[in-house]
């Protein structure tokens, strides 16, 4: 009768499931985290530690979250959790940007425009309610990602206290002398009826008319004399400009040239024209005239203040000098309309050029505009061309496709238009140079971010912070009704208004009667009706939120982390405001991530149908797979996502989960309080495995500390798949299953597995948060009660390295891994040739040189356990049979033969020692010892 020895084996057992079933299980985890107030437990556990503050850039409270939002929040969460594990107190307060045009437009669609069907006060309340709904919807999705934070107390830019603090930030800007009012060209959206911030402008291709226009000389004789070309050439004499915005011609007030460029008087067909010397040929080609003759040359400097007739109005305009004039295109003479271009405005100011003021807020020409009254600017383009043709001053017209600024919200072309606005001056108090100096004090990740924002700061115009909108933080200023000067008590008045806003929100300003605060001054001062640019709202949160929330303890902000578009957005506005108010950058480090694209590198788009939503990913794969994809992707460039890529992430996840399950299953029956083996008593291979984990942990900690999350994933995978999966965990199965349950051989192994599991779960937690929590709940209890959640814990301190006197050091085991790899290769060939079934059916002979023989001899009879074969002989390489193929590992050769011995039904090894015990005639001697004796003794493996 056959005896079943199954109950004498230590078979692995765990309730930790093989399948993650993440989409189903994760919501229950979240419920548990929030019922047990996990975030506050982390705060309590971290109290008193050194702080690390990552300040959340507020997403806009409108619409569902997209994959880019998910990437952003997951990266932040990985950093917060890893910093906690590294021993920092790292609070996370999520935020939302709640004012501004997109919300206004949504609410307009629901209830109509303010002051039409609904009062402005009611409209603001509707905007507030809409934003609150959007916040709640986005919040649920962010929480579902496994992101931990103070979700019950987020910061909203529409919170009354935040609105009040934004007003106080404006006060500091004024106090430090950075605010001024001026009429200046700003980006103006005709659909918004308002100015736009730099970050609200997108460049798209647009087809525009391209025209070459004649400005006839007031005195041809005077111009001939300047060019020393008296009596030369024939026909009328004109300066030629080129433009793609014909509608700006009515506002022309000058022609700009570069003082240092050479200009030619050219016979062009039957007329004489002035062109930059470098552009004569290209202009002649563009207008289709072959006959050209150079009549004279001068520097631009010599043309200054020469006068030319406006092409269709009855006045003349001067030639002025400007450094912005180049020979990159056009004619080298630039049509100058100070109302409609920043360079034009700046150079116009130097020459005291008048502002035309012909275009109203709705983008139409005012009633006094000759020829074009009441026409929209783009509608006027063909009319201007027609007028130029009519008066004989159109040299050439064609269509051109070029990059043109568009409104980010309406996707429609915008214009430059001079309007009275409030500005933060880049030069007023040296703000530009100070900001450039502060940029150099910041760590930029990746480092090219520094050059990018430096260039933007070097070239950016003054910041127009005023908007003509209803839903926004008001510019709570009082100005003189005649002089427009600020009230002398502006700072005190701002604080008084801020206190009221703190109690009642921004509506307190609109409800305020001037007399309440100004008394008799209300006769001569009025309230400013403008609101603040929303980039001022979010840009001031370093002060309006972080400096005022108790969780941050008044500490400086360590990091801002957003998409790479925020160099000109939130990073820029925050830098400008913090430098203006506090003379320093608001952050020590700035990390940017790339945009998400599909598997073919294309931007996500509804029209292409390639949008991957985080909701779909979580429903199909689970949050941990999405998190693993984010972590394993190099965020410094474009982040590619597709179903195929997510499936690969799921495969990687399974390997990690299987490793964790193996550890837990083999810790069955292990009680660290009772069974832990001291390092010096452990078996060599087990000590090496723990040391291996320590090496991995050091690399993983360093990678987390430097935000190299793809390195963390790679190191985690190498540890699970290579060092553990294909070597250590494979080798220990025999010892784990077959030795006596309480033997040193088994407890040593379990001790190693326990240390490794304690470390592994902490490495995983910042990335695979749901799974790490699941593993944590299955780990054996320790002497001191295990913390309820892994997220309150620091990286594991119990790992140890190999001692200096360790005979079988890491170099030894690395060599052995190479030998084992070669033996496995030869075994695989034998398996494929049907010479053997499994490795235990084989008897292996290793022919080795002296170095390898000495190496292998150190394991004695335990070498077979490392090679996972029933019998191993080691012989001198000189004894290698002539017909035995050379090994791929220099210094050894391997031969494999099928064992003729019997197979032990308990350990499955083939042995000549089966039947040595009459009581157990089918068992090998080793199994007899493990079943009824004191148990086999292992030293090395």
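Any Cβ shown, glycine's included, is placed from N, Cα and C.
Remark: secondary structure over the motif ''HIGH' region' (59-69) totals 3 helix, 1 strand, 7 coil, with classes taken from DSSP. Sequence annotations record features per position, and here Swiss-Prot assigns motif ''HIGH' region' to 59-69.
Same-chain residues at least 6 positions away in sequence with a Cβ under 8 Å from that of residue 562 (L-isoleucyl-5'-AMP binding site) are, in sequence order, 57, 72, 569, 570, 571, 592, 593. Marked as L-isoleucyl-5'-AMP binding site by Swiss-Prot: 562.
Counting same-chain residues at least six beyond the ends of the motif ''KMSKS' region' (603-607), those with a Cβ under 8 angstroms from any Cβ of the stretch are 66-67, 595-597. If you look up Swiss-Prot, you'll see 603-607 marked as motif ''KMSKS' region'.
Within 10 Å of the C-beta atom of residue 606 (ATP binding site) sit 7 other C-beta atoms, taking all shown protein chains into account. The ATP binding site annotation in Swiss-Prot covers 606, and the record cites sequence analysis as its basis.
Within 10 Å of the C-beta of residue 904 (Zn(2+) binding site) we count 24 further C-beta atoms, all protein chains included. Per Swiss-Prot, the feature Zn(2+) binding site maps to 904, 907, 924, 927; the stated evidence is sequence analysis.
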**Report entry** Additional residues surrounding Zn(2+), by Cβ distance to the 904, 907, 924, 927 centre under 8 Å
**Finding:** 738, 905, 906, 908, 909, 911, 914, 923, 925, 926, 928
Requested in this report: For the motif ''KMSKS' region' (603-607), would you mind checking the mean pLDDT of the predicted model?
Outcome: 79
Requested in this report: Between residue 927 (Zn(2+) binding site) and residue 606 (ATP binding site), find the distance joining the two CA atoms and give it rounded to the nearest Å.
Outcome: 66
Query raised in the report: Are there any residues in the same chain, six or more apart in sequence, whose C-beta is under 8 angstroms from the C-beta of residue 924 (Zn(2+) binding site), and if so which?
Result: 904, 906, 907, 909, 911, 913, 914
Query - Position of peak Cβ density within 10 Å, selected from the binding-site residues 907, 927 - result: 927
